[in-house]
Amino acid sequence: MNKQLLSCSLKSGKQVTMVVASVATDGVDQQVEISYYDQKVIGNGSFGVVFLAKLSTTNEMVAIKKVLQDKRFKNRELQIMRKLNHPNIVKLKYFFYSSGEKKDELYLNLILEYVPETVYRVARHYSKQRQQIPMIYVKLYMYQLLRSLAYIHSIGICHRDIKPQNLLIDPESGVLKLCDFGSAKYLVRNEPNVSYICSRYYRAPELIFGATNYTNSIDVWSAGTVMAELLLGQPIFPGDSGVDQLVEIIKVLGTPTREQIQSMNPNYKEFKFPQIKAHPWNKVFRVHTPAEAIDLISKIIEYTPTSRPTPQAACQHAFFDELRNPDARLPSGRPLPTLEMDGPMGTGEVSTTSGDVAGPSA
């Protein structure tokens, strides 16, 4: 285990850090010596710090996520990241351990591919300009997000923190990559999980109801709220607290029925809610929002978890038909990135939990 970093200054004045790191393969640890420079902080959070750096041998930009390690537990994020290999998921290249300033402090450092933008910043850019994000981008970003979810769900992993800040974007190619697996977990049927996960605006209602036996469909709900945010230019359910979050959802979906509450959390006993009617979906969004977009969101943002489509099924929805056109182009004129469907379903196959999700009825 590497705990020592060696820093030195070159004649050029660059501060170079050399380290022995493990190659991020799912198998036997292979150690290599790497060095990087031009390190600067690009993100902070409760998890730790993210640095931007350049690998000395290739000048390739990388992101280094530094996380304080609890020695009592294996790091779940590292275990999961080593398993993942998908074009719409950020790639873990290397990892190493380093000592902290305090005695016995140990940090895990994940060296990840660097992707310059996020859906959050792209959406905020258009919002500040008082412009709507081009619909081709909504389709492109959502399709790739759903692809990444289809992949991780097929191997039993739930991300549990889908939000615009965790969706990285290459603005030139239009490629989206899902990042931050710090909350991710292998979900095992009938094994309890904590309900207090996922950022508030994007939390599925079963989590707000305190469910501990939830499924991968919490990620699908979160994806639906991201799509709604791209169409609206602001979060669809901007709650100030857990209870307020539920109020925001009820304002749109109406009061959940007793059966819907049971489907979200069978142990929930309080049924005292004001009776509010559902708001028509076409009145939630702008006048010229495509009917296919509204139809897809109405199927995803649904109280009953088993009624939400799987990511594979959602990818087959008519909203994404433009992406299947070989002549489709980005606003820049560039061709779309490769968008074949991955995972066990294969191209063109559909699996739904609640019947057809092909598109709005005529």
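Every residue number used here counts from 1 along the chain in the order it is shown.
Here the Cβ of each residue, glycine as well, is placed from N, Cα and C on the backbone.
In this view, D161 (active site, proton acceptor) is surrounded by 22 other Cβ atoms within 10 Å of its Cβ, with every protein chain counted. Per Swiss-Prot, the feature active site, proton acceptor maps to D161; the stated evidence is sequence analysis.
The feature ATP binding site is assigned by Swiss-Prot to I42, G43, N44, G45, S46, F47, G48, V49, V50, K65. Long-range Cβ proximity for S46 (ATP binding site), meaning a same-chain Cβ under 8 A and a gap of 6 or more residues, is found for none. In the three-state DSSP scheme, S46 (ATP binding site) is classed as coil.
What Swiss-Prot records for 36-320 is domain 'Protein kinase'.
What Swiss-Prot lists as region 'Disordered' is 325-362.
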What is the interatomic distance between the Cα atoms of N44 (ATP binding site) and D161 (active site, proton acceptor), given in whole Å?
16
Near I42 (ATP binding site), which residues of its chain come within a Cβ-Cβ distance under 8 Å, counting only those 6 or more away in sequence?
V50, F51, L52, A63
With Cβ-Cβ distance below 8 Å and at least 6 positions apart along the chain, what are the contacts of G48 (ATP binding site)? List them in sequence order.
K65, K66, V67, L68, Y107
